[in-house]
């Protein structure tokens, strides 16, 4: 609730309270979202190398709460001027990004530590359901708390709930299973990789071959550490194609922000349709998780189909690609004609230049909105702002400008009717997309935990979350840089994800699952043998030395 409740009104806060334009607001929103998924690597390193997961969650949750409080204070109208509001808001968002990002991998890994393998899958399912339950409630409640302009209350309630969550978490400290940190594991990993590369580079062609390039570090580092690094690197390589799933999934948020921006060009009212769609996704997850865990997966198992975690993820990616392949949003097409005089019009952010001599302007695409005061500039006639009324989705309009009583008057014709398809037709697409998310995201959390050695659980969870961050980066680059129409963006991302799914399926086919617990048993035995060998060698040396002393 704390995280999604704050984000539910964040873009609206930028536009209506701070006075930013919609493009800047949307860019800052996605930059903040991306930062929240880049910072988990920092929290994971602190947890696995220094403080442990429990203390890391507590300390970074305090940073999280401070960020919420600063953000709330920055939304109080009587606190300073606009520059002060912007400074406090940005400081608050940075602290929130470090707080929420830092605890994300630790919470998932710490929760997984509390359960055995049999119950761990249930935990991750319930964990993901709780996240979406909070998201659903916050999406409903926070906009109501905001009212007209009460952003301080809308940001303050998530801050208060985060305090409650922290108190409840600390209250259970005596009940938790805690795994101690293993020292500066990242530094040790980097040194081991560097030594292996250096040793391999210096080796000659006469040196014996090694099965893996990391085996060149055996002269200095333990076999156990080398094997653990191999496990982590194999999973991270497997994650390389996954940002494309989140890039496509994030398109629904990007689309909703565009719709909100288009409506806010004419009104500051809350946009219920966009948040209704966001709520639908969270609601479907709450329904689908128990259905998949209690019905679909057991039925598939009864059919003697081995549905491994990676197969679930591949299926989820294909579902998402099919869902967005069917989703397009046709925007408004407008062309302007003029009788015999040159004129310039600005509709939204698009400019129409109509030369004289009964010419026609180029066709332009504009967002759906009411346009009651279109800017009109003419050198020869009186040209006041023109009222074009509603330009609706999917329509194509021709606006003919005529001179009546020395005044330019617009006559709007609807060449192609606006879309009359009910928004409920998007529900099947969201059902398919959410089914893909359930199979992909929950399984990814569980897979990241199960395939990580004990001293790198949080690090690998952070690696999983980084796929979300890079997905946000892809969206920012394509949406801001490519300048494609939205339906083309949807088709592009759907096609790319389908191709990535094929690549990922081949990578998954050749992946060999590991059991970190078995690794512990193997190397405990090996370490015992090594100690016995060392002891035997020491005894032999002592016996030899004793014999020499006798002869002397």
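Every residue gets a Cβ built from N, Cα and C, even glycine.
Annotation source TrEMBL lists transmembrane segment at 27-46, 58-80, 86-111, 123-145, 151-176, 231-249, 279-302, 314-336, 459-478, 490-511. The region 'Disordered' feature in TrEMBL is assigned to 525-552.
The stretches the transmembrane segment (123-145) and the transmembrane segment (279-302) are in mutual contact, each linked to the other by at least three Cβ pairs under 8 Å (pairs 6 or more apart in sequence). Across the candidate stretches 58-80, 151-176, 459-478, 490-511, the maximum count of CB pairs under 8 A to the transmembrane segment (27-46) is reached by 459-478. Counting Cβ pairs under 8 Å to the transmembrane segment (151-176), the top-ranked stretch among 58-80, 231-249, 459-478, 490-511 is 58-80. Contact count against the transmembrane segment (459-478) (Cβ pairs under 8 Å) is highest for 231-249, out of 58-80, 231-249, 490-511.
Among 58-80, 231-249, 279-302, 231-249 has the largest number of CB pairs under 8 A with the transmembrane segment (490-511).
Away from its own ends, the transmembrane segment (58-80) comes close to residues 2, 6, 13, 17, 43, 46, 51, 86-89, 91-100, 102-103, 106, 149, 151-152, 154-156, 158-159, 162-163, 165-166, 169-170 of its chain (Cβ-Cβ under 8 Å, at least six residues beyond either end).
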